[in-house]
Amino acid sequence: MLRSSKNQTIVVSGESGAGKTVSAKYIMRYFATREAPDNPGARFKKGAEAMSETEEQILATNPIMEAFGNAKTTRNDNSSRFGKYIEIMFDDKTNIIGAKI
């Protein structure tokens, strides 16, 4: 994204129970906590990871969506019953500035 200055896409797909939702959470958490290449160490304050309010709000959408769209199935006690499209927007310094869900 930074090298090519082009939008990037990550598609998470797989069979039921394969861990798509968990993988998507890890991807979102990575983008919310990674360091800017020109400012290493800036995200850490006394050993704790610092996230902006926007990043925290984006991550907080997961449990809300799961509360309305998950159900127990024979293969998964907490199965997502919906498709999810998340567009994360970055500024020119790779900071998250918003999202469309």
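Each residue, glycine too, has its Cβ placed from N, Cα and C.
Residues or ranges marked as domain 'Myosin motor' by TrEMBL: 1-101. For Gly14, Glu15, Ser16, Gly17, Ala18, Gly19, Lys20, Thr21, the entry in TrEMBL reads ATP binding site.
Here the domain 'Myosin motor' (1-101) returns a mean pLDDT of 85 for the predicted model. The Cβ centroid of Gly14, Glu15, Ser16, Gly17, Ala18, Gly19, Lys20, Thr21 marks the ATP site; residues of that chain outside this set whose Cβ lies within 8 Å of it are Asn76, given in sequence order. Note: the domain 'Myosin motor' (1-101) comprises 31 helix, 17 strand, 53 coil (DSSP; helix = H, G, I, strand = E, B).
Taking the Cβ of Gly17 (ATP binding site) as reference, residues of its chain lying under 8 Å away and at least six apart in sequence are, in sequence order, Arg75, Asn76, Ser79.
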